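Asks: Quick paste of what TrEMBL says about this protein:
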- 1-17: compositional bias 'Low complexity' (COMPBIAS)
- 1-23: region 'Disordered' (REGION)
- 140-160: transmembrane segment (TRANSMEM)
- 180-199: transmembrane segment (TRANSMEM)
- 220-241: transmembrane segment (TRANSMEM)
- 303-320: transmembrane segment (TRANSMEM)
- 332-351: transmembrane segment (TRANSMEM)
- 371-395: transmembrane segment (TRANSMEM)
- 480-499: transmembrane segment (TRANSMEM)
- 511-529: transmembrane segment (TRANSMEM)
């Protein structure tokens with residue numbers, strides 16, 4: 001009995017010891033769950049607090065920038081009014097009518113021995129390089145850098161708040177510059193082809209001397225050489241475009257590649273057009289007493305090194321010699337390289353944050369006319385900002401960086417186009433490098449040799465050549481033909497030249513900026529609409545007709561809203 005009782009007691013005591021241990025484990029699990037729950041709450045609160053702080057920082061920076069810009073603009077006007085021009089070497093920068101030296105601009109009807117004036121090269125800085133010596137204009141440059149930083153922060157904060165992930169805004173760069181190594185390979189092929197043009201030209205110049213002067217065989221030989229050069233240029237364009245289509249280069253890589261193709265064509269034409277008259281003069285085809293239009297006409301044929309330097313020099317007008325600087329300032333080269341990279345990111349942020357959201361839905365469903373109008377006007381400011389960024393990157397930073405590397409001293413790549421009051425003045429001032437080529441090898445040749453002093457036809461020829469190559473670059477970069485640029489250049493450009501000819505300075509400048517802003521917005525809107533419509537619309541073929549006919553107006557195009565009304569501002573209903 002006792003043994004039985006003691007066994008029961010031991011068993012009962014063992015059972016009682018198991019119950020508290022289970023409770024301890026359960027309590028530990030509950031405590032751990034509570035701690036993890038509290039930690040999650042603290043983390044969520046910390047994340048929300050960080051989001052609020054980041055939003056406050058961005059808001060504060062925006063207000064500070066606006067205030068700083070207002071103060072800088074006011075101080076700028078005050079300093080310009082009190083600026084003592086005699087103490088600076090920038091006198092011509094603030095004159096109403098600056099004296100233009102070494103340019104192709106001349107008074108109407110002015111000739112030199114019956115010929116239009118030639119382009120003259122001289123050592124000079126770019127206009128913005130001199131303007132940045134004024135501290136308030138330098139401050140505006142700094143403000144643009146801060147705006148880039150704010151755009152970067154805006155992109156990061158916006159995506160982090162909405163999705164919880166960080167988007168650095170690099171998607172347009174990655175998508176646009178894909179296969180860039182292939183573009184460089186194709187560019188190298190074009191460069192080698194342009195190098196080979198020089199020995200072919202020397203062969204023509206030496207072999208034609210084997211024919212008797214004035215004979216028909218020499219004339220046939222010269223015409224055959226001219227036909228071969230034209231055939232070379234046409235073949236060059238066809239093969240370059242075929243290579244682009246074969247490797248299916250993305251838009252940004254295609255644009256850079258086609259711009260280089262155009263540059264090679266212009267360089268080749270400039271070299272042949274400038275040096276071929278030397279061969280004709282040396283062989284007695286021209287009268288010895290006639291004054292040549294080219295300053296290098298009586299010199300011997302240039303060496304290959306001069307030709308190579310011209311191919312890389314930041315100019316499209318050929319000369320044997322250019323003004324050179326004494327040394328390369330590598331800090332200037334590095335600064336301009338950073339500016340080019342920065343502007344690329346700048347434009348990428350603009351596309352990512354402002355333009356892509358407006359047009360990425362085109363082609364998925366019908367777009368109302370109201371939505372299209374809103375997208376059009378919503379792209380005017382981003383388009384104008386992209387326009388200014390592209391100007392600064394290409395015509396200031398890139399060209400000055402290349403000029404510094406090559407010690408090229410004449411750096412007038414643009415004039416003060418922002419002050420122009422006529423469209424003709426803007427065309428001459430916006431891109432001096434291309435304008436000089438069009439003036440020297442298209443306008444001047446048309447006036448003197450083709451149309452015989454008929455300047456209107458020569459002007460039409462200049463606009464036609466420019467618009468065709470602009471449209472060629474855009475058509476093959478985006479793989480569709482949408483002649484917005486051609487219409488803007490060929491028709492609106494000529495019309496604006498006549499409309500703004502007799503306007504006052506202030507009204508003309510306001511109208512010029514207004515037309516530039518609207519034109520850039522319209523151009524970006526229509527091209528983005530067509531680009532996204534072709535990506536989103538199914539069943540688009542690969543025939544020539546499919547490339548020529550826009551699909552954005554037919555595949556889920558724009559539907560008209562008939563319910564638009566205008567309410568009187570004084571109506572209270």
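Placement of Cβ uses the backbone N, Cα and C atoms for every residue, glycine included.
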Asks: Tell me if the transmembrane segment (480-499) touches the transmembrane segment (371-395). I count contact as 3 or more CB pairs below 8 A, with pairs 6 or more residues apart.
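Replies: When sequence-distant Cβ pairs are counted, the transmembrane segment (480-499) does not touch the transmembrane segment (371-395), since fewer than 3 lie under 8 Å.
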Asks: The transmembrane segment (140-160) vs the transmembrane segment (332-351): three or more C-beta pairs under 8 Å (separation of 6 or more)?
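Replies: Stretch pair touches.
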Asks: The transmembrane segment (180-199): which same-chain residues, six or more beyond its ends, come within Cβ distance under 8 Å?
Replies: 232, 236, 240, 243-244, 247, 249, 253-254, 256-257, 260-261, 264, 267-268, 271-272, 304, 307-308, 311
Asks: In the same chain, who gets a Cβ under 8 Å from the transmembrane segment (332-351) while lying at least 6 residues past its ends?
Replies: 145, 148, 151-152, 155, 169-173, 382, 385-386, 389-390, 392-393, 396-398, 400-401, 404-405
Asks: How about long-range neighbours of the transmembrane segment (511-529): same chain, 6 or more residues beyond its ends, C-beta under 8 Å?
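Replies: That would be 355-356, 358-359, 362, 372, 375-377, 379-384, 386-387, 420-423, 426, 474, 478, 482, 484-485, 488, 492, 496, 500, 503, 552.
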Asks: Is the transmembrane segment (480-499) packed against any residues at least 6 beyond its ends, judged by a Cβ distance under 8 Å, and which are they?
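Replies: Sequence-remote neighbours of the transmembrane segment (480-499) are 422-424, 427, 459-460, 463-464, 466-468, 470-471, 474, 515, 519, 522-523, 526-527, 530-531, 534, 547-548, 550.
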